[in-house]
Each structure stands twice: as C-alpha cells, then as structure tokens.
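Data first, discussion second: the structure below is written as structure tokens.
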Amino acid sequence: QNEEKWDFVLVSDIHEMGSEKEIKRNKFLDELSKKGFTIKKIEDTKLFYGVRAPQHIFWKYQCLQRKADSRQQNSSAHEDVPETTRIRIVNFILRNTVTSDLEKLHDLMKKKVFEAAFPLHKEEEIREILKDKWARWGAVFKEQPIKEIRCYFGEKVALYFAWLGWYTYLLVSAALAGLVTVVAGTTVFSSSQVSKEICDANTTFMCPLCDQNCSFWVLSDTCTYAKITHVIDNEATVAFAIFMAVWATVFLELWKRERATVVTKWNLHTWDEDEEELALQLINNLQHEPRQYQHSYLRSTIILILALLLILLLIGIAHMLVIYRVVAMALFTQSQVNLLSKHANTMAVMTGAVLHYITIIITTKVNRRMALFLCDLEKPRTLSQQENSFAVKLFIFQFFTHFSSLIYIAFFLGRINGHPGHYVRIAGRWRLEECHPSGCITDLCIQMAIIMALKQTISNIMEYLIPFISHQLRKKRNHPKKKSMMLGEEEEAEDPCKRQWLNNYELNEVNVFSLFNEYLEMAIQYSFTTIFVAAFPLAPLLAFINNVIEIHMDAFKMMQLHRRMVPRKAKDIGIWLQVLEAIGTLAVIGNGLVIAITSDFIPVQVYKYMYSPCARENRTGMDCSTGYINSSLSVFRIQDFEPHTKVPPEFKGHQIKECRYRDYRNADDYTYTVQFWHIFAARLAFLILFEHVALCVKLIAAWYIPDVPQRVKNTILCDKHKNLRDEL
C-alpha cells in the first residue's frame, strides 16, 4: 500500500519519438530522477507520470524546521511528515527544478511539453469527514470543520474559511439592525409630515422634467415614491449608519482575536515565511543564492502613473453611464409607447444599472490584465509579496469599477444641473438628470439593490455552473470506448492508479488565484455592506444570505469539481486585513457623506429649528416639519424659460404663470437664499461631527478589544519559560 502513495501527477500529450517536446520532457524527468524521485508512467489517451519524492528530502525539511523552531528539540526521531507538507515541498521542488536548457516546469507547460501537474485527491477518512460535515447542503448551519480543512487543504485555505465563517456569523447582527431600520421606517416613520405634505400637494405645479414633450406635473403624483423614500430616509438611518461604522471595527478586532487563537493552536505564531522559502530553496539546491530585496523609485513612479490613468479611465466609464442615462431619458420621454414615456426616469435608471453591470464584467477582465502587468513591473521578491501587490492593485481598480457610478448618484446627481432657465447641458443639448422631489437617496438605493442582487445571484450561479459543466465535458472527452474488447483480446488487469489519476485529471484546473478570487469577491461585498449602507439598510441581509450559500458552494467546488489545491502555509489572511481596515475607514466617510449630502435629514432639521412654525411662534402642539416641502421648493416664472423649451401654457385647465422646482433660490434673480447657506453650513458641521464621533468610537472599540486574547498570550509565555528552564 505504501508503495502506491504518489505525491504528484504530471500529465503530457503523447509526443512523437525524438520530437523536441519528447526530448525536453525526458530531460526534465531525468533531473527529477537525479534528485532521487521515483517516477511511474501510465499510458492512456495521455501520458501520466506519478512522482514520489525520496524520504531524505522530508528529513532535511524537518531538521531545518527544528533548528528554526527550537521548541521541538525533544522530537529527534523522524516522525511522518503531514500530507499537506509533503505536497507543498514536492510542488516547490517540481516548480524550481531546472533542466539543462535552463527551463523550469512553468516554461515547459507554456511550450505544451506538459499539460498539467497536480496533487491527488486521495480517498482518506479525512476526505469523507469533509464531504459529510462540510461539502453538502445538510451542513449549512453547522460549524465548519476548520481542523480537517487545514489537514486536507493547508493553512491558507483553512484561514480563508475561518474568516468567511466568522464574517458571516457577525453579519447576523448587522442584518438584524438593517431589518429593524427598515421596519422602523415602514411603521414608526410611515406617517411622516413630509410625505403627507407631498401627497396633499395637488395644487403645486412642478416645472417640466425635460425640454420637449414634457408638461408641468403635480407634486402629489409622486406620493408613493415619497413614502418609499421615507422608509430609508429617516432618523433611524442615522443611528444605523453609526452602528455599521462601529460594527466594521468590532468585526475586524474580533477576527484578530479569533485568528490569534487559531494560529496558536496550530503552533504557527513563530513561523516565518522568508525562512520557509529559504529552507525549501536550499533543500532543492544547496548552491542557491537568495534573491535580494529591491526597490526602485522610478519603477514605483511608473506604476503609480499607469494605475492613476486606469482609474481615470474607470471614472470616465462612469461618466459615459451618466450620459447614457441622460440621453435615454430624453429618448424615452419622446417615445410613442405610453409605458416608456410615462416611466421614463425609472426605465433610464433600471437600464442604466443593467448596463453598469455589463461594464463591470468587461472592465474586470481589463483590470486583471493591468494589475498583473503592473505586478510584473514591480518585480516582487517572493510569491506572497507578489500576491499582496496584485491584491491591492486589483482591489483598487475593482473598487472604482463598482463604486464610481454610485459615488456620482450619491454626491453629484441633481447638484450640478443648474435651474430652470439656466440648465447645465451635455453638448449643449441634453439636460442633466435631476433628483426626485423627495430626495436622491432612493436612486442610490435602487442602484445598490440592483447591483448587489444581480452581482451575487449571477456570480454565484456562474461560479458553480461553469466548473460543473466543464467537468462533465472533460469526463465525456476522456472516456473513449474500450477498443481491446472488440478484438477479442483478453483485457490486461488495469493499474489501480490509472482510474484514480484519470478521475483527478478530469476535474477542473486550480490556479494560484483560485483563493484570491474568493477573497476579492468578499472584499467587494464587504464594501457594499458597509460603505453606502445608509442608503440601503438591507445590504447586510443580502450579504448574509449570499455567504451562507457561498461557503457550501466553495466547499462543494473544492471537494468535487476542482483538482486538489496545493496546500500553502499562512498565519493570517495577508494583505486583505489592511484592505478591510481601509474599507472600514471609507465606510465612516461614505455614510457620513450619504447622510449629510444625499439624504434630506439635514435640510429637514435646519427647517425644524430655524424656519418652521415651532421656531417662529413657539407652538408646541404641531409637527415642526409642517410647511417643509413648500419651503424647499423655489418659484420660477414661465416667461424666463430658455427659447427652445416648449411647454404648453395650460395644464389641467389652469393658466400657469409660475412653476416650482427643488432648490433654495430667490424668486426674482434666482440667486441662492439665506436658507441654502444655512443648510450648507449645517451639512458641513454634521459631516465633521459625524466623522469625528464615528472615528473616535472606532478607536475606542479597537483599544477596548485586545488583538490577542490573554489566554493565548499566557500559553506563549509559559512555553517560552519552559524552554528557557529546560535549556538551563
């Protein structure tokens, strides 16, 4: 049984005798034989080479580990090396073996000498445990078997699932808070004075929303919209935004504690990545010289400039979407189809969001290429540095891809479009969009809901379907009908390895970035759940539902549809922790800006305390926001319209001399009123106050919760003490 344990399998096409590819292949296999590897060849539709490393390689590794970690001096006998370590060492040696033509496995794979190299999924009991406790739908709400995941896939994968499980677990509180906010909006705040005034305003004539074919309209037409807006835009949202800023901090602090506990349990807290890499290099080749650290200011400058150019391009794409919506709105309103012309605004927003989703898919591919290119320019020293550098770049590009149009809707929409008689136009023709009379926050909410729902459902379905279908296709392709039976020859006994190797070969390929993609997806999702959460309080709930499905889909993919990942050692989630911390800080700024600028929270408060009947006449019996709608609409005289604006002078039998629009301007010369400046000052003051309070609370939370639990610190302390005493 022991004889048949193979660490790795190399797959190659059957090349002609004496061809260049065959010579290269044999040179590589000879190099492995020189290092003492056992190689077994099985021929089928492809050539399979099983590779087993000699025992002395692992002994060297254990010896170097013991020197590095002096605590295990008592274990001088050769214990068995864990399976994950075996695979990791063999993988390193295979990737770094150089043939006499100075080619490595990577180059040979590019030249199609070898087609694939992978470790095997083995039928061990640990695999059965994982299938039973983890990779099936029945185990959805059970705790993940992190220990078994570590023993089968290595620490890096185990830490990813530990982090994802922890994040999902803590999302419960955020999702509940979001639900409470929405429920409060539908019950407590549903009878709000502001939406009541909009619904009663059937004599308030509003200015047309476009230049041609648009008539005046009555404010009370938007009654339903105003009620929906108030579900999101009320006092509860402010509290929820502060809660989410604190939640983001507490989540990361608690994760650091969880990580410290897990890593100490695995005895990895003293492990050093550089030392590990040097040890493997020396085991592979004693003459190896380490690559020095390098840094070039010229390279960094070039990378910075190229990255900024790409970011500008991404912002430009967001502008194109804005222009699309403006033009679509103009075309829809002039359309003959009644449904289109009536709901022109909603149609423009909806199609805009779908278009946005399509651009996200396309730009993602461009971003990936660009990030890889910049990463190669930077020339990082080790694999993990390369991953970190790639992660940061790709995350920043993806962030702008997803968020630039949301940032426009939240902070610019309806604020840069001028006023009747003096509109800002694109190419001198099309008017920029306006916000809805009941505020811009609903537009932001619709956009977020569509992107989040679409992105999560579609990406989950694709993430599962593509590997599933390609696995089925590979199976069909690699199962030729047995021909020997037809000729009446007796079938030779099939090698037991053959079936296992073929099954593994039929699974989908995994690459270095398989785990990386999962992290990236979660980081973007975390941004959606925290940054503009004030506009869409249900975001954490959607994220929670998605993650519960995601964990088990990933588990199923890794166990059943993908080849085994090469296990990697790690003692934290790498650069992603810094990325998440940066998102946490952005969340404070983002939510502060949403409440200060996007929502109507501040204008209503300013009106209540400075301009309302309560402030003027000290009346206590009435609602202080009475009359707010009237004060937030300015008056415009019809004769001042631009020459090419065609509006019918009559509307529902009324002769109209003036119309209303949403702004704070004087009726005579259209300059800003004093109230506008009051609100502007209040917005700024609120923003500064909110940011500082939220950041202070974040800092206090970070100080209050220690990164490493005392129990873990004490364990490490006792270990050190014991070792020193034993030395003496």
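Even glycines carry a Cβ here, placed using N, Cα and C.
Marked as domain 'Anoctamin dimerisation' by TrEMBL: 79-146. The domain 'Anoctamin transmembrane' annotation in TrEMBL covers 149-715. Sequence annotations record features per position, and here TrEMBL assigns transmembrane segment to 157-184, 236-255, 301-324, 344-363, 390-413, 523-549, 573-597, 680-705.
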Chain residues in Cβ proximity to the transmembrane segment (236-255) (below 8 Å; excluding those fewer than six residues from its ends, i.e. six or more beyond): 163, 166-167, 170, 173-174, 177-178, 180-181, 184-185, 188-189, 530, 533-534, 537, 540, 577, 580-581, 583-584, 587-588, 591-592, 594-595, 599, 601, 690, 693-694, 697-698, 701-702, 705, 707
Residues from the same chain, set at least six apart from the ends of the transmembrane segment (680-705), whose C-beta lies under 8 A from its own: 241-242, 245-246, 248-250, 253-254, 257, 584-585, 588-589, 591-593, 595-597, 602, 605-606
Stretch with greatest number of CB pairs under 8 Å, the transmembrane segment (523-549) reference, 157-184, 390-413, 573-597 candidates: 157-184
The domain 'Anoctamin dimerisation' (79-146) - residue tally per DSSP class, helix then strand then coil: 33 helix, 3 strand, 32 coil
PLDDT averaged over the residues of the domain 'Anoctamin dimerisation' (79-146): 88
